[in-house]
Amino acid sequence: MMFSRFFKAVPARAPAFSSPLPVYQARTMATVRNQRPVERATFTIRDGPIFHGKSFGARTTISGEAVFTTSLVGYPESLTDPSYRGQILVFTQPLIGNYGVPSTERDRHGLLKYFESPNLQAAGVVVADVAEQYSHWTAVQSLGEWCAREGVPAISGVDTRAIVTYLREQGSSLARITVGEEYDADQDEAFTDPEQIHLVRQVSTKAPFHVSAADPQCHVAVLDCGVKENILRSLVSRGASITVFPFDYPIHKVAHHFDGVFISNGPGDPTHCQDTTYHLRRLMETSQVPIFGICLGHQLLALAAGARTVKLKYGNRAHNIPALDLTTGRCHITSQNHGYAVDASTLPSDWKPYFVNLNDSSNEGMIHKSRPIFSTQFHPEAKGGPLDSSYLFDIYIDSVKKYKNSQLAFHPSRETIPSPLLVDLLPKERVDVAPTIGMQNVAAAAAAAAAATA
């Protein structure tokens with residue numbers, strides 16, 4: 001009887017928010033800070049609750065869209081994923097940072113082994129508890145040291161269960177991390193909305209670069225909307241040398257030099273990339289080249305085909321989301337990170353849904369009925385996450401090789417293998433991609449860029 005009364009007294013979920021601006025005090029942290037002085041920090045959701053905690057990152061104030069991930073591991077990969085540009089990432093896993101942050105070591109292809117881009121991409125980090133004492137053979141620094149070095153504020157000691165409950169019920173919201181200051185309700189102008197910023201322009205390479213395969217068997221053009229390193233690795237490791245272009249490059253004008261076209265993941269609203277969708281539409285009208293898109297690339301391909309996209313209430317960000325392959329009836333556990341989705345009901349008649357999300361029934365992929373063109377909303381390259389759907393890269397590369405052989409049958413002199421001159425002249429990594437230095441600075445940079453092109 002005593003135990004039954006006890007369990008009845010414990011709520012099964014975070015409490016509802018009865019007032020518009022409740023204040024939640026920081027809880028006692030489980031990790032030891034070795035008596036280091038800790039500075040106060042505040043996480044404020046616009047028109048929502050305020051959470052007081054402790055700063056463990058850069059001493060700066062930022063704002064952006066607050067989103068959450070339920071991934072248990074893979075925080076170095078998540079935080080360097082360009083798709084998180086402009087977002088304050090809330091981790092539901094209670095303890096973050098216990099295996100530290102790895103080095104910037106590169107593999108034999110010149111790609112980063114442990115990160116998905118050279119810089120920390122999230123605008124801010126929110127955790128319940130941060131581990132300052134880390135242990136892993138690849139670790140070279142703590143999560144706090146990394147955030148401070150990258151200029152990204154981070155807050156710990158807050159009730160992430162309450163934060164996630166609010167975001168699930170109210171939807172992804174604008175929020176702010178303030179370090180060493182009290183919340184001022186009159187400072188709503190400080191909330192920067194990343195949806196109003198062309199974030200893809202911030203993360204895309206500014207000039208083409210090339211990555212060679214050890215044994216090149218085909219040549220793929222990649223549109224960089226914020227491409228992850230493991231996507232490039234997934235292509236190169238399968239024998240595809242790749243040339244990576246800026247997101248708005250007129251790919252339809254050079255597609256005849258390539259055996260396939262790939263459209264990468266990236267941040268923000270897909271409707272901002274109107275030049276990209278136009279170029280993809282022209283590509284599908286003028287070429288039979290195989291095309292594969294992932295995440296934002298899936299959405300851009302859908303827009304180019306004539307479909308529409310919608311913004312989800314709070315998005316899907318996790319490493320364990322089930323997606324059903326509608327062609328085989330098999331379920332795959334997938335890694336996802338997106339706030340928009342394709343409206344499958346708007347797909348043209350020559351397209352059909354490929355995958356569907358078994359949690360919320362949202363579209364997870366589409367495939368052309370007669371051509372080698374398909375795309376997925378989830379990330380088959382994982383990193384982090386399961387590799388259930390990595391076979392999709394094999395399907396794509398097989399179609400690329402088949403296309404190459406068919407073209408050689410009609411045009412024996414056709415050559416798509418990159419020349420040594422091209423390989424020597426082009427850079428081997430992203431060109432002029434600025435790091436995240438706080439969303440207010442990103443917004444200022446975007447405004448300056450818009451003024452310069454006006």
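Each Cβ is built from the backbone N, Cα and C atoms, and glycine gets one as well.
Taken verbatim from Swiss-Prot:
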- 1-29: transit peptide (TRANSIT)
- 219-406: domain 'Glutamine amidotransferase type-1' (DOMAIN)
- CYS295: active site, nucleophile (ACT_SITE)
- HIS379: active site (ACT_SITE)
- GLU381: active site (ACT_SITE)
Mean of the pLDDT scores, which run from 0 to 100, over the domain 'Glutamine amidotransferase type-1' (219-406): 97
Around the Cβ of HIS379 (active site), the count of other Cβ atoms that are within 10 Å: 25
Where HIS379 (active site) falls in three-state DSSP terms: strand
For CYS295 (active site, nucleophile): DSSP state (helix, strand, coil): coil
